[in-house]
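Worksheet: the structure to be examined is printed underneath.
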Amino acid sequence: MNPAPNLVLVGPMGAGKTSIGRRLAERFGLQFVDADHYIEQRTGASINTIFEHVGEAGFRERERCALSELLAGEGQLVATGGGAVLDADNRRHMRERGFVVYLAAGLDAQLKRLQRDRTRPLLQRADREQVLRDLAHVREPLYREVADLVMDTDGLTAAEASTRLCLQLASRWSTGGVAA
């Protein structure tokens, strides 16, 4: 059993971090926090607006500060943005302050789940498939590096994935002494 004060979800866009995360948080009695929404609330600007004004580097700095704040707490399920693992400090904080679950999703599943989504700055291009492929090439090894548990969400609804994940977490994670 791996005790950790928080549960952290990592993975690519369209893996289900937010939809699965909400269900898991309710099941385990944790406060759900979507890191991107937290950044938007703290800055008063959308992720797209942040990217437009300060670029990806400026967004990543805000993300680093937000994750540091969030992971200092306890009893939370934090759904990270897909690129949060790019920063070494973020990966260290996740490992030190959370049980990290990598929600994996194949390219076809991502494309299907994201087909109507126009809110993601990195996907504001015609070649979405190539963008997702390129992101996976860089990020997938980092997701695996930081993960305590890997779960493939392909072919599963959010409800099915959260049910399966609850069963796996019950034997692998505790909130620092209180079994989840």
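Just so you know, glycine gets a Cβ as well, placed from its N, Cα and C.
Note: TrEMBL annotation is automatic and uncurated.
Per TrEMBL, the substrate site holds D36, R60, G82; the candidate it also names there, chosen from R133, R139, R144, is R139. Secondary structure at R60 (substrate binding site), taken from DSSP and collapsed to helix, strand or coil, is helix.
Looking only at the binding-site residues R60, G82, R139, the one with its C-alpha closest to A15 (ATP binding site) is G82. Neighbours of the substrate site: apart from D36, R60, G82, R139, residues of the same chain with C-beta atoms within 8 angstroms of the site's C-beta centroid are E63, T80, G81, G83, A84, V85, L86. If you take the Cα of G16 (ATP binding site) and the Cα of G82 (substrate binding site), they are about 11 angstrom apart, rounded to a whole number. Per-site Cβ counts within 10 Å over the binding-site residues K17, R60, R139 peak at K17.
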